[in-house]
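According to TrEMBL:
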- SER65: active site, phosphoserine intermediate (ACT_SITE)
- ASP15, SER65, ASP439, HIS440: Mn(2+) 2 binding site (BINDING)
- HIS126, ARG156, ASP157, ARG188, ARG194, ARG258, PRO259, ASP260, ARG261, LYS331: substrate binding site (BINDING)
- ASP398, HIS402, HIS457: Mn(2+) 1 binding site (BINDING)
- 8-504: domain 'Metalloenzyme' (DOMAIN)
- 85-294: domain 'BPG-independent PGAM N-terminal' (DOMAIN)
Amino acid sequence: MQNNQIHPIVLTILDGWGIGNPNQSNAIHKAQTPTIHQLQKLYPHTSLHASGMNVGLPVGQVGNSEVGHTTIGGGRTILQDLVKITKSIENQSFYENNILNDICLKVKAQKSQIHLIGLCSDGGVHSHIEHLSALLKLIHVHEIKNICIHFIADGRDTEPTCAIKFIKYIQSKIQKLGIGKLCTISGRYYAMDRDCRWSRTQAFYKILTEDQPINIQDPHRVVESFYEQNISDEFIIPTRINEGIIKDYDGIIFFNFRPDRMRQLSQAFCKENFRGFPIKTFRGLEICSFTQYDSTLPIPIAFKAVSKRNFLGEIIAKNNYKQLRIAETEKYAHVTYFFNGGVEEPFDGEDRELISSPQVATYDQAPSMSATQITQSAINAINKGIYSLIVINYANPDMVGHTGNLASTIEAIECIDQQICQLVDAINVNKGTIIITADHGNAEYMLDDNNQKCKSHTTNPVPFIWVNHELRKHQDHNANVQLKSTGSLADIAPTIIDLLNLDKPKEMTGTSLIERITRKYRSTIQL
């Protein structure tokens with residue numbers, strides 16, 4: 001190790017690792033996690049709010065990976081798209097949206113169809129069914145009758161088998177307004193893939209664009225037929241239930257507000273030289289999306305993002321420090337695009353390492369995912385001694401937790417504990433700092449009160465553990481160092497800035513979690 005080596009801060013995000021009740025539903029509690037337990041005994045730690053208003057979501061709304069990483073990277077609470085769009089409906093400005101009204105006018109002039117594509121649930125992570133209801137009301141004003149609703153079933157951010165409830169809700173709106181029809185139904189596993197499993201996206205694309213046999217027209221019966229095969233909402237095979245394929249001069253509105261799981265499908269309709277799978281050539285399609293899914297797509301955006309300046313990554317770059325982001329495919333966008341506030345390109349001095357996620361149908365088949373490769377990449381980076389900040393994401397607690405498989409999630413948690421042990425060893429050798437935290441809860445609540453699988457996120461707080469080689473040496477560190485008793489994800493970036501002795505930008509409204517650290521003691525912590 002060179003004498004001039006930088007002592008890095010490693011921000012380690014355990015995706016989906018919440019703090020829950022210590023019961024049989026809690027995979028984290030049931031798992032053997034000696035490393036985490038030992039770290040909590042030896043080092044300062046606290047808990048952070050990661051849901052609801054603390055991360056810019058409605059009261060009681062569960063956190064999610066996009067919001068979590070945006071809040072962590074931003075060091076501030078940002079009003080999220082779910083709230084912004086819902087507020088626009090409440091204050092009626094939604095119905096005056098120029099982009100949405102413009103596409104309606106063009107479709108009406110062409111006497112064509114308008115297609116509404118999005119996740120149909122009240123999960124609030126990627127979309128909200130009330131936004132679809134508002135869209136139907138807006139289109140009704142334009143007296144457009146040919147409205148094709150393409151129903152993407154959830155079962156992941158909701159209960160696994162509740163699609164019929166949302167189908168009934170949509171049917172009630174259709175009946176009330178006298179417009180629209182349910183044309184297709186598909187589980188999000190196919191329609192919303194984000195891992196370049198193009199065959200999944202293609203299966204949904206084909207049902208949208210090609211005439212297919214209609215065996216059952218009743219959407220309730222379609223869903224029930226899948227339940228009879230033990231196929232839950234998330235995995236419903238793309239099925240046509242009514243006429244209404246996408247044709248020349250039609251309009252398409254993608255109403256998911258979260259971009260990562262609508263990017264592949266929208267690219268198939270909008271991206272020049274698309275290579276994911278064979279696609280049809282359409283003339284005169286009018287397409288818009290609620291938010292920006294991909295900066296390279298030439299489509300209008302109904303709700304544009306506000307400028308997000310001075311995120312942590314930008315501050316690191318402005319101070320001429322090098323930084324590194326490491327994640328596997330499932331969470332790569334979160335430690336890069338979302339962590340940087342929606343900035344696609346790396347900042348100066350920002351390196352990135354993408355580790356491929358295992359090619360399995362569901363991650364309970366590979367609970368370790370790519371954690372060992374991530375750890376090795378991180379250790380290599382720590383040993384190089386050139387990075388001031390390394391941000392890594394372990395996807396296992398969240399992605400395996402989403403399968404509802406308790407045993408596999410326990411295995412995933414134990415794998416992560418082993419990775420943390422290796423990281424801490426590397427950090428101690430290199431006299432660095434590791435911060436262990438999470439973006440939202442999931443794995444700590446795997447069974448509901450009826451002992452049914454729970455695959456969704458939670459409103460539980462998440463851990464924050466500050467590990468530094470000097471902290472353990474001082475037996476009286478509690479007298480010298482004290483963290484706040486609680487905080488939020490918005491406080492993580494200001495804490496890192498505090499540790500680096502940098503000036504916190506005015507845009508960061510979060511505060512450092514370090515409540516007290518004596519000047520003499522601070523000088524012993526090498527950063």
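Here, residue 1 is simply the first one shown, and the rest follow in order.
Each Cβ is built from the backbone N, Cα and C atoms, and glycine gets one as well.
Unlike curated entries, TrEMBL annotations are predicted automatically.
These figures come from a predicted structure and were not determined experimentally.
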HIS457 (Mn(2+) 1 binding site) versus ASP157 (substrate binding site) - Cα distance in angstrom: 7
Neighbours of ASP398, HIS402, HIS457 excl. site residues, C-beta within 8 Å of centre, Mn(2+) 1: ASP15, GLY16, ASN64, SER65, ARG156, PRO397, MET399, GLY401, HIS440, ASN442, ALA443, LYS455, SER456
Env. residues of Mn(2+) 2 site, Cβ within 8 Å of mean position of ASP15, SER65, ASP439, HIS440 Cβ: ILE13, GLY16, ALA50, GLY63, ASN64, GLY68, HIS69, LYS331, HIS334, ASP398, ALA438, ASN442, HIS457
Of the binding-site residues listed as ASP15, ASP398, HIS402, HIS440, HIS457, the one whose CA lies nearest the CA of HIS126 (substrate binding site): HIS457
Cα-nearest neighbour of PRO259 (substrate binding site) within the listed recorded positions, SER65, HIS402, ASP439, HIS440, HIS457: SER65
Which of HIS126, HIS402, all binding-site residues, has a Cβ with the fewest other Cβ atoms inside 10 Å: HIS402
Among ASP157, ASP398, ASP439, which are binding-site residues, the residue with the most C-beta atoms within 10 angstroms of its C-beta: ASP439
Three-class DSSP secondary structure - HIS126 (substrate binding site): coil
Whole-number Å value for how far ASP15 (Mn(2+) 2 binding site) lies from ARG261 (substrate binding site) (Cα to Cα): 17
The one of ARG194, HIS457 whose CB sees the fewest other CB atoms within 10 Å, among these binding-site residues: ARG194
Extent of the substrate binding site in Å [max Cα distance among HIS126, ARG156, ASP157, ARG188, ARG194, ARG258, PRO259, ASP260, ARG261, LYS331]: 17
In three-state DSSP terms, the structure that HIS440 (Mn(2+) 2 binding site) belongs to: coil
